[in-house]
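Asks: Pasting in a structure now, in structure tokens, and then I'll have a few things to ask.
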Amino acid sequence: MAGKLRVHELAKELGVTSKELLATLKEQGEFVKTASSTVQPPVVKKMKKHYGVGEESAKESATTPSPAAKPGPKPAAKAAPKAAAKPGPKPGPKPGPQPVKNTNPVAGAGTRPTSTVKPGEKPAPKPGAKPAPKTAAKPTPKPGAKPGPKPGGAKPGAKPGPKPGGRAPRVANNPFSSGAPAERPAPRPRGGQAGPGDMPRPGSRPGGAKKAGPKPGGAKQGGGRRPSPAMMPSHPNPAQMPSKSDNFGGGRGRGGRHGGPGGPGGPGGPGGPRGGRGGRRGGTAGAFGRPGGAPRKGRKSKRQKRNEYEAMQAPSVVGGVKLPNGKGAKIRLARGASLMDFAEKIKADAAALVQALFNLGEMVTATQSVSDETLMLLGEEMDYKVEVVSPEDEDRELLESFDLQFGEDEGEDEDLAQRPPVVTVMGHVDHGKTRLLDTIRKANVGSGEAGGITQHIGAYQVSVSMEGEDRLVTFLDTPGHEAFTAMRARGAKSTDIAILVVAADDGVMPQTVEAINHAKAADIPVVVAVNKIDKEGAQPDKIRGQLTEYGLIPEEYGGETMFVDISAKQGTNIDQLLESVLLTADASLDLRANPDMDAQGVAIEAHLDRGRGPVATIIVQRGTLRVGDSIVVGDAYGRVRRMIDEHGNDVQEAGPSRPVQVLGLTSVSGAGDNLLVVDEDRTARQIADRRDARRRNALAARSRKRVSLEDLDSVLKETNTLNLILKGDNAGTVEALEDALLKIEVDDEVDLNIIDRGVGAVTETNVNLAAASDAVIIGFNVRAEGKATEVANAEGVDIRYYSIIYKAIEEVEAALKGMLKPIYEEKQIGTAEIRQIFKASSVGLIAGCMVETGKVRRNAQARLVRDGNVVAEKTTIESLRREKDDVTEVSAGYECGMVLSYPDIQVDDIIEVFELVEVPRT
């Protein structure tokens, strides 16, 4: 067949249904969708070969019987009823002229059995010289008869006549054969046609042999039983097809013996007397006289092997989209990765992943960050094990890609030198932490703090004299307010020893317990300073007993924790406290670092200075930081232009445990970010850009909310959202304010959304963003600059300024509560009983009532009750009269007439009058 065919056209040509052909094509590994799909010519040829049609369409004229040769010899007429499904009176049954699906375009359904003619030999003038004496039950034509007039015989060049019983022309008379006839494959038996070996040709078994000998085509012939029209499948069933050896002597049935060398079949019948496995064709002759292939063994065919291989390599189908099959492979993705990153890992098209997620009900773009759950779900669908890398591991891998490492000293043990201990002062708010540092530094830090509370981390290095030797100690002062949890945790991670300050007159408080937990999590030793022992009501022993419950057991009680009773205000026992700190450091810690390596440290604070730009407070942990070094701090990078110590003096280099302020960064770093010195500015910029992209992706993935069917109803409801823009004087304060605001829990009806935050003054850009998003700007220790105030007034943007953090928290919480939908409570005003009903043409029914309790007011809401059942829940008193006067209210004990908005009223009904009072939300 030239050109392409559609599936339904090919099915019609093959004589099967489109559904069966589609199933066969899919079994063969050809992916077609519908019956209208086109099929390539090689596939058409393969399907014709599979269904045993071959080139029948091209040879139709050779196989179509002619109605001119109906009469046939009588033996054929007797054999036909045996082989046909329905016996007919004529020797040639009606199904004979029907087209036969046959791989042999010349031979018909009744191809002559056991005729073996080798190529190159002259065919014998008679197909056989002997009749089969053992199987013959009826007379057969004489062997000397001429082959020309035999039924089904076709002379060269002449049209073949009708073949009684569906007999095929003699092989020697094949008009398409150029030489000696070759072996032909057996046709498929059809209903009403004689099977192989049934034709009463000379030299073959006569049709009556079925009564005495083995049944041709039966179980003993090696090709399975003869199919009947009722048993015929829609396409060839290998288990029931006759073996090729039933038709030609050169064939061989599966498991049977070779047939005879030609002429009539032996006593066992062609193909061997034993029953072989049906379904597999033997080694048969090729078409048009070409030699056939070797017989198949019990091994798998190439087609089967290919199908198995394709099944193993079959792609995964996710949401109707073909995607690679991971086969359990593990891939690592960063938190907040996009589908583009996923596609790059698995060598797939990102558009296919987008389409797959869209079909699964998730609408994302290729570059949009997706949540960890979505990445894992998509990986499971494709048989990939997705591992979401933690930020710490991802940052370590990022540094390793640049051949950098953070957190370990370089060099040998002899390269390490002693460094000062880093001590963090922690405790509850207003327990005297900053006063203690003031006393140690002999300075007044607390007076500069708004509200008398510390709102950022201070880093100082002081010299302490111990046993006649001056030693340096670095102190970190952390906030004690509950809003600064992240700062205290960051201070604990950056320190060697913690001083826990507890007021002797106040005892253990919530932030005290939190500080203990931070110290335990960081695995650092704790020295307890019991402060305010000079005040009345101080109970140092009670403090020791309370802290015992949290694992801090004093040395006098047999524990390992040093307790020192001090008075920061009076300066009592301060030297003893410092000595205890140094003793703990010497006894418990190995405080050494390599000062000769590239500097590494941590940023404990960062802010934006108007004249100096971004400023970061750094504690060097190892190595030496010098002016001019290229540094990267989190997602900020730059070159050290200037370093300032705690006294405001410039320093050229800072060794281990030295706190300094660093100028020269391109942006404000995050509090708690690691500092790293690199060789080139380009490397620093690349690391910072990668970190910034990772941070933004993680933030986008965290802010995306997945909506399920369960919470769809609540999402569709109207939700009030308070949008905020936070600006502060330093990064730590902004971080603490954001954490505190996000912890406010009011109700599900309102939501708090922080759309932007930053360090520095409120700019015009912030005001424009607030105007576009209907947000409120909160400035903490900063003011608006330039034209920001004018633009805010013109746009109606609300800017709030705060210097104390808990005041900002209280006002934001109050604003959220004000956004809640009001709750109304019903308050009963009075009741009235209907005594009589009057009819008025202008207003309808008028209820003549007696006010029993309270008052009845005009336009008030009322409830109509009849026999204890509520008849009308919400009705209104439209008109109220006392005698003939319109009144606004009538008190108890008086009669009145009223008109209700609900007309169905009866005598003895009770009217309950009430009003709705708004209840404030808390």
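Glycine too: its Cβ is placed from the backbone N, Cα and C atoms.
Since the structure is predicted, the reported quantities are computational estimates derived from the model, not experimental observations.
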Asks: Pick from 452-456, 572-576, 622-626, 872-876: which range does Swiss-Prot record as region 'G2'?
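Replies: Range annotated as region 'G2' by Swiss-Prot: 452-456.
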Asks: Of 323-330, 427-434, which range does Swiss-Prot call region 'G1'?
Replies: 427-434
Asks: If I go by Swiss-Prot, the feature region 'G3' sits on one of 313-316, 393-396, 477-480, 881-884. Which?
Replies: 477-480
Asks: Mind tallying the region 'G4' (531-534) by DSSP state, helix then strand then coil?
Replies: 0 helix, 1 strand, 3 coil
